Amino acid sequence: MQNIHEPSAIGRRCESLRREGKTIGLVPTMGAFHEGHLSLMRRARAENDVVIVSIFVNPIQFARGEDFDSYPRDLQDDLAQAERAGVDLVFTPSAEAIYPDGFQTYVDVTEITDGLCGASRPGHFRGVTTIVTKLFNLVRPHRAYFGQKDYQQSAVVRRLVDDLNLDLEIVLLPTIREADGLAMSSRNVRLTPEERQAACVLYASLRLTEERVEAGERNTKLLLDEMRTMIETEPLARIDYVALCDPETLKPLDQIEGPMLAAIAVRFGETRLIDNLLITLP
Ligand code: AMP
């Protein structure tokens, strides 16, 4: 497995792979790998000639006061795990190489970034779409792999790809969970044992909504209240948002007539966790 640091070098390497007729699968990540990341790598391995994983904790998608400095990082372990997953090439650029002095161009996807995490993390998606565009331009992958855990991110990236006529396929893969339902996240390691236990309430509240919809409940206000009430039974949980929205536009739903996305963000101490469930009508 090759590790490339320089943007110009990955650009050249990918250009020559494409000229050889190889298909390229890209998995963009911020590292601190868990089974969620590995599931994307394995799928990319199965579907492409060459698998490239980028590891970059992107400073511009963190607002001031967020956890950029304390975000978990373990490059040596990540490299070993990527190698075991059959990755051909990792791209580990420095922030200075990605955002050199004088950098001043950003990619902004508008409406779909207004709600959910976009509302609580101003500037976050602008940072995401800017780095993703740079990675797509450098690697020019045939396919790029994203996890449903960050559902809004994947919806924003799909919008970006459609709106800017980018020539690649976005593959969205299911959320990988711990045995007790907690969605795997690099940030989970920062939870205290008490917070880790309390964090089970995220998935439990999403499942509650799914069950209530299956049982025929269609009142979104009631469903949201029930989710909030369940989350609030955990004294360590502080709700950031609880939402039921259209899975395409991510606009809040007043009425349930088709598939919907239940999405939540909850803080436990310093750690903000997100989760979601796509719910279809029976
Ligand atoms: P991150 O390193 O957190 O930026 O995540 C890199 C990619 O892995 C993103 O596409 C995430 O959606 C995906 N991912 C993170 N956690 C999970 C999970 N539990 N299951 C599936 N995919 C995930």
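Cβ coordinates come from backbone N, Cα and C, glycine included.
The following features are taken from TrEMBL:
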type     : residues                        : note
BINDING  : 30-37, 147-150, ILE176, 184-187 : ATP binding site
ACT_SITE : HIS37                           : active site, proton donor
BINDING  : GLN61                           : beta-alanine binding site
BINDING  : GLN61, GLN153                   : (R)-pantoate binding site
Among MET30, PHE33, GLN61, SER186, the binding-site residues whose C-beta sits under 6 Å from ligand 1: MET30, SER186
Alpha-carbon distance [HIS37 (active site, proton donor); SER186 (ATP binding site)] in Å: 10
GLN61 (beta-alanine binding site) versus PHE33 (ATP binding site) - Cα distance in angstrom: 19
ILE176 (ATP binding site) as reference: those recorded positions from HIS37, GLN61, GLN153 with C-alpha within 10 Å of it: HIS37
Cβ atoms near GLN148 (ATP binding site) (within 10 Å, other residues, all chains): 19
Integer Cα-Cα distance in angstrom, the residue listed as 'active site, proton donor' to MET30 (ATP binding site): 10
Of the binding-site residues listed as MET30, GLY36, GLN148, the one whose CA lies nearest the CA of GLN61 (beta-alanine binding site): MET30
Lowest local Cβ density among MET30, PHE33, GLY36, GLN61, which the record lists as binding-site residues, within 10 Å: MET30
Spatial separation of MET30 (ATP binding site) from GLN153 ((R)-pantoate binding site) - C-alpha basis, Å: 14
